[in-house]
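Asker: Quick one: the structure is below, and I'll ask about it shortly.
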Amino acid sequence: MAGRGGSQLERRRERTPDRGRGSASHPPGRESPSPPPLPLKRHTYRRVVSDQEEEIVVVSENSRSPSPQEQPPPPQQPPKKKPRKTKHVPLQDVSQDSEDEREAEEELGAVGFSYPPVRITGKDGKRSFETLNENDPLTKAASAKMAVTNPLSLPIVSAWEKGMEIMNMLMERYRVESDLKSNFQLMPEQGEVYRRICHLYINEEHRGIPLTFTSNKTLTTMMGRFLQGFVHAHSQIAHKNWESTGCALWLHGCTEVEGKLRCLHGTTMIQKEHMIEMDVASENGQRALKENPDRAKVTQNRWGRSVVQLANNDARCCVHDAGCATNQFSSKSCGVFFTEGAKAQQAFKQLEAFMKAMYPGMNADQAQVMLIPLHCDCNHKPGCVPTMGRQTCKMTPFGMANAEDLDVDGITDATVLASVKHPALMVFQCCNPVYRNSRAQNAGPNCDFKISAPDLLGALQLTRKLWTDSFPDTLLPKLLIPEFKWLAKYQFRNVSLPAGHAETSRQNPFDF
């Protein structure tokens with residue numbers, strides 16, 4: 001019995017199945033393992049002596065009652081696994097709680113504008129949706145704050161849209177014609193719209209503005225170019241191979257040494273004898289007789305016609321034109337030629353004194369910088385092919401008659417004194433004005449571009465005033481005019497490049 005008792009203490013226990021295959025109370029239906037073997041019985045012999053006899057008793061080791069000191073430790077039992085507890089997810093309370101209780105329990109993510117309204121909440125990284133009543137305070141707050149954004153009222157981010165916004169305001173303000181306004185797309189070749197805006201501005205704000213050797217059309221044309229440059233600078237539009245103003249800042253250095261002039265190459269111009277013959281009835285012939293009575297005379301040419309012959313011993317030309325005849329230029333020439341070197345230097349001094357009078361803070365180096373137009377109306381279009389003749393505007397010094405007779409002491413305006421002390425102005429004309437009256441069939445293009453250096457500077461000032469008058473709350477953008485640097489593309493061209501004529505109806509030129 002003792003052996004059976006020991007075996008009962010070490011009886012087999014149920015094995016807990018693996019996770020996911022059941023619990024201890026419901027083991028899976030599989031064959032149970034065999035019980036471990038019973039320990040071997042060890043017999044001991046004990047001698048029992050009584051008063052009359054001696055008896056040997058066989059006592060089993062398992063049946064001995066050990067002493068308290070010799071009691072073996074209880075067998076170690078395997079640790080019991082704690083049963084898994086099933087988590088019951090509480091159902092969402094759909095009762096109508098107060099607004100404070102909702103904010104305390106969950107974080108409100110949004111309130112949709114659907115019908116019926118939906119309350120979107122987020123908690124522990126999860127989103128839940130709840131249908132709200134129309135009278136709920138959250139619904140009223142969402143209807144007031146969550147308005148649908150109109151796409152047409154989004155902030156302007158495109159450069160083209162910024163430029164079109166400015167131009168639409170200008171065209172509306174100065175009442176530009178409807179056909180120009182409807183076809184305007186902020187393209188580089190649409191300079192006529194800018195010129196029209198400046199023309200209307202001059203007629204309204206500065207009617208009767210005094211000009212010297214400058215046509216009204218050229219003044220508004222240059223103002224339109226500057227306005228286009230301001231619009232492009234404001235909208236951050238940049239062109240790779242085209243400059244909207246068509247101008248450059250030229251450090252001429254023609255006033256440093258008396259009697260020394262420089263051409264566009266930056267080299268010193270050479271002195272050359274020059275003889276001019278003009279028709280007696282022409283405007284140039286009459287002007288030569290009035291301005292230079294000591295050097296101009298009326299004679300007969302080799303064909304027997306009466307002409308005004310003007311001899312210039314102080315003519316200046318480019319170094320590359322030293323071996324060329326009168327009005328002839330080499331292929332390396334810059335096209336700069338002055339019939340009177342002293343008058344040309346006087347014109348440069350006049351502009352320098354004129355700018356110092358308007359801007360007293362200028363230093364000597366800044367006063368020698370001259371704003372010059374490089375392109376006239378003939379070659380200002382983007383992608384224009386070089387034509388025959390001069391590639392830059394022609395510079396001609398014009399003398400101001402009767403300016404020397406004015407009393408210097410009676411004039412207080414410093415800008416006027418600059419012209420009195422230096423009675424000559426540098427005038428910029430078409431690149432090739434000689435083609436205007438030419439009867440040759442292969443004559444190049446020409447235009448009536450004509451503006452003096454002081455009026456060109458005045459065109460820039462008027463354009464700035466137009467911007468500030470039209471947009472008082474908008475900062476005047478910074479207009480970037482490049483510094484002049486001599487390039488091979490400015491060379492005089494004696495031969496025009498061949499140009500093709502589009503013929504879209506044929507794929508083969510020899511398809512007769």
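Each residue, glycine too, has its Cβ placed from N, Cα and C.
Residues annotated as region 'Disordered' in Swiss-Prot: 1-105. Taken from Swiss-Prot, the feature compositional bias 'Basic and acidic residues' covers 9-21. According to Swiss-Prot, the compositional bias 'Pro residues' annotation covers 69-78. Per Swiss-Prot, the feature compositional bias 'Basic residues' maps to 79-88. The annotation compositional bias 'Acidic residues' is assigned in Swiss-Prot to 96-105. Feature annotation from Swiss-Prot assigns phosphotyrosine to Tyr174; the stated evidence is sequence analysis. Annotation comment: Swiss-Prot describes Cys263, His265, Cys318, Cys334 as Zn(2+) 1 binding site. Sequence annotations record features per position, and here Swiss-Prot assigns region 'Flexible loop' to 276-310 based on sequence analysis. Here Swiss-Prot flags Cys376, Cys378, Cys430, Cys447 as Zn(2+) 2 binding site, drawing on sequence analysis. For 495-512, the entry in Swiss-Prot reads region 'C-terminal arm, DBP binding', with the evidence type sequence analysis.
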Asker: If I take the alpha carbons of Cys376 (Zn(2+) 2 binding site) and Cys263 (Zn(2+) 1 binding site), what is the distance between them in whole Å?
Answerer: 19
Asker: Specify the count of other C-beta atoms within 10 Å of the C-beta of Cys447 (Zn(2+) 2 binding site).
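Answerer: I count 20 other Cβ atoms within 10 Å of it.
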Asker: Quick one: which residues besides Cys376, Cys378, Cys430, Cys447 have a Cβ within 8 Å of the Zn(2+) 2 site's Cβ centroid, in sequence order?
Answerer: Asp377, Asn379, Cys393, Gln429, Cys431, Asn432, Pro433, Pro445, Asn446, Asp448, Phe449
Asker: Tally the residues of the region 'C-terminal arm, DBP binding' (495-512) by DSSP class, grouping H, G and I as helix, E and B as strand, and everything else as coil.
Answerer: 0 helix, 0 strand, 18 coil
Asker: In the region 'Flexible loop' (276-310), how many residues does DSSP put in helix, strand and coil?
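Answerer: Tallied per class, the region 'Flexible loop' (276-310) gives 9 helix, 14 strand, 12 coil.
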Asker: Which residues, same chain and not among Cys263, His265, Cys318, Cys334, have a CB within 8 angstroms of the centroid of the CB atoms at the recorded Zn(2+) 1 site?
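Answerer: Result: Leu264, Gly266, Thr267, Met269, Val319, His320, Ser333, Gly335, Val336, Trp486.
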Asker: Which one is it, among the binding-site residues Cys378, Cys430, Cys447, that lies nearest to His265 (Zn(2+) 1 binding site) by Cα separation?
Answerer: Cys430
Asker: When you measure from the Cβ of Cys378 (Zn(2+) 2 binding site), how many other Cβ atoms are you left with inside 10 Å?
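Answerer: By my count, 20.
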Asker: Would you kindly give the Cα-Cα distance separating Tyr174 (phosphotyrosine) and Cys430 (Zn(2+) 2 binding site), rounded to the nearest Å?
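Answerer: That separation, Cα to Cα, works out to 29 Å.
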